[in-house]
Each structure stands twice: as C-alpha cells, then as structure tokens.
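The annotation transmembrane segment is assigned in TrEMBL to 12-29. What TrEMBL records for 90-334 is domain 'Sulfotransferase'. The 3'-phosphoadenylyl sulfate binding site annotation in TrEMBL covers 99, 100, 101, 102, 103, 182, 190, 292, 308, 309, 310, 311, 312. Marked as active site, for sulfotransferase activity by TrEMBL: 99. Annotated disulfide bond per TrEMBL: 293-303, in sequence order.
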Ligand code: A3P
C-alpha cells in the first residue's frame, strides 16, 4: 500500500517537474532565441543618428511579443504611451513586382528585430481614392513600432502604376525601394495562374495562357496582355528613374529567394544598412510545402499561405520560347541599368 502511494507521489512530481521545465523553455523562447545565436550590433547611419532614448536591439527583441499584441489591436492608449510606440511612415517599400515573391520577401525581412512590416497591402499610392485621403491616413495604416525600428510595406501594384513614383517622391525623396523580380516568362505564367484561380473560384471560364500571351492575328507576343507588360521590367523601372537615382533601388532575385533565401536577405540587410541579424536558423526548408518557411524562435514557426507557390499550368514550349525571345532585349537593358545580371534565357 505504502509502496503504491510512493509510486503515485513520484509520478505526480514527475508530471509537475515536466510542466515547470516546459514553461521555462517556453519563456526562454519568447524572449528571443536569436540573441543567443548572434552577437548584438548597433544600427547605424542611414536611418538617422542614434539618439539618447534609442532602444537597443536586445530590448526590441524582448518586446516583440508585446508589439505583436499591439499590432493586433490589443493595446490600450496607456500602453502605447508607456512603451513609446509610434506609427511610422515606411523607410523602405517593396514596390513590386507582382508574383516576384513580394510576400515572402516582406515576411522574411520581418524576421529582423529592427523591421516591422505592414501586414496588408495598403494601396495608398496607386489608388486615387486612398491617395486623396492624405498622408496621415496612410501613416495610421502602419503598425505600431518603436521609434528606431523601420516600417516596411509592400504593394506590388506600385511598380507598374504611372502616378506612383511621383507620389512616393513627394512623401520621401530618399526612401529605399525594393524590387523583387523573377525570370519574366515564369512570372507572367505565375500571374496568369493567380487570375485563373480567381476565375475558377467564381466558376468562370478563362482562356488558356497561350491564347492570351500570343496575338492570334499576328502570331507575335501580345504586348497588350497585362501579364506580359508587367514582365517588361525595364520599361517600368525607367519611369521610376525619372524621380529616383538607381542607388535608391535594390533588386532582389526572386528565383534565388525561393531556393536559397539567406544570401538574398543579407544583401537587403546591407542595402537597408541594418546589422546582419537574419540567420540560417530563421529559415528552414519545409519539404511538404516545397518552400522555405520562417522560424522566429523555438516556439514560433510559419510558412506562407497556400496561395503562394501554386502549381503552374503546362504551357506550350513554342510559346515559352517566343516569350523568352521577346523579353531578351528588355532583360539586357534591365541588367545594364541595375548592374545586376540574371541567368534568364
Ligand atoms: P508561385 O505561386 O508562382 O510559385 P508574390 O508574393 O509576389 O505574389 O509572389 C508569389 C511567389 O512567391 C510564389 O509564386 C512563390 O514561388 C514565391 N515564393 C518565394 N519564396 C516563397 C516561400 N518561402 N514560400 C512560398 N512562396 C514563395
């Protein structure tokens, strides 16, 4: 009898002990496991001088959980005041290109403790109705952040919309602009796939890609088709260059971001003048998804939504060849302007 009671007691103690260790591990994870993996370094220069009340990165990391709650709207005015949180205009914008990997880039940059993302596409500069609401409306759409963090938003329609460069220039002529590109024909097919899925969801019929991309009368590439036009990167970039010098742009290789994201992210950190904080630890390949997913710490992981990484329809090889030939001279010009060469066929 006594032996049975002792065994029961030992079992209870074991369960309690496991719970205590589990909670401890959870707490350790929440305060940011990244700090244990990398040295701390200050953010310097480009985003303004360090001031007296700057919060060191370590503190930012500690408060990330809190920020997350605030961003979900779970903060009182008192908490916002107490923690000195602000809604800041973006210091960098991912302006495109649609289907280039803009969401993956934003989410991956958000792993950096000094970056805060605007989760939704705001469409302030490309939508006249929104733009008419004024810059304060735009600022109020931004997430709460600490004053020395930088806010980044992405709206891929900005890249191709005529009025946007001038409007962004008027807000901040020294803003950093990120453009993520993919091999133009693949991007066009990805663009088509997204529209096709939307049509199918609404039970609508849609044309085959080949029919849209090639003009049936001339048998040439149909430059009126939006998915084709968007992939003529140099044409759009040239409009932006009327307002911003090329040094204010950074081109991200979207094809490489899929298979080897870290080096691409490190280049962006450098461009934004952020200390290198995103590491291999933050990115792990998920075989089920077939893509890299994000690891914030030992507790919080996430993959992108299923709408990212769709299976593309088969496209006639002669159409692909024709498109590649069509994009070739534009690509050469794009390499020349940006100083970044890709192995696009
Ligand atoms: P596909 O759906 O054609 O594969 P955007 O966010 O600009 O709409 O881009 C979507 C593309 O991001 C996807 O195109 C996908 O290939 C790419 N992508 C890059 N990294 C990804 C990741 N880690 N998870 C999911 N998709 C990713």
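Start at 1 and count along the chain as shown; that gives each residue its number.
Each residue, glycine too, has its Cβ placed from N, Cα and C.
Taking the features listed in TrEMBL, we show where each one sits on the structure.
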{"residue": "99", "record": "3'-phosphoadenylyl sulfate binding site", "Cβ neighbours (10 Å)": "26"}
{"residue": "101", "record": "3'-phosphoadenylyl sulfate binding site", "Cβ neighbours (10 Å)": "27"}
{"residue": "103", "record": "3'-phosphoadenylyl sulfate binding site", "Cβ neighbours (10 Å)": "19"}
{"residue": "190", "record": "3'-phosphoadenylyl sulfate binding site", "Cβ neighbours (10 Å)": "21"}
{"residue": "293", "record": "disulfide bond", "Cβ neighbours (10 Å)": "17"}
{"residue": "303", "record": "disulfide bond", "Cβ neighbours (10 Å)": "17"}
{"residue": "308", "record": "3'-phosphoadenylyl sulfate binding site", "Cβ neighbours (10 Å)": "17"}
{"residue": "310", "record": "3'-phosphoadenylyl sulfate binding site", "Cβ neighbours (10 Å)": "13"}
{"residue": "312", "record": "3'-phosphoadenylyl sulfate binding site", "Cβ neighbours (10 Å)": "12"}
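The record assigns 99, 100, 101, 102, 103, 182, 190, 292, 308, 309, 310, 311, 312 to the 3'-phosphoadenylyl sulfate binding site, and the maximum Cα to Cα distance across that set is 19 Å. Secondary structure at residue 293 (disulfide bond), taken from DSSP and collapsed to helix, strand or coil, is strand.
Taking the domain 'Sulfotransferase' (90-334) as a whole, pLDDT averages 97 in the prediction. Rounded to a whole number, the distance between the Cα atoms of residue 303 (disulfide bond) and residue 312 (3'-phosphoadenylyl sulfate binding site) is 20 Å. Cα spacing between residue 101 (3'-phosphoadenylyl sulfate binding site) and residue 293 (disulfide bond): 13 Å, rounded to the nearest whole number. Straight-line distance linking the Cα atoms of residue 308 (3'-phosphoadenylyl sulfate binding site) and residue 293 (disulfide bond), rounded to a whole number, equals 12 Å.
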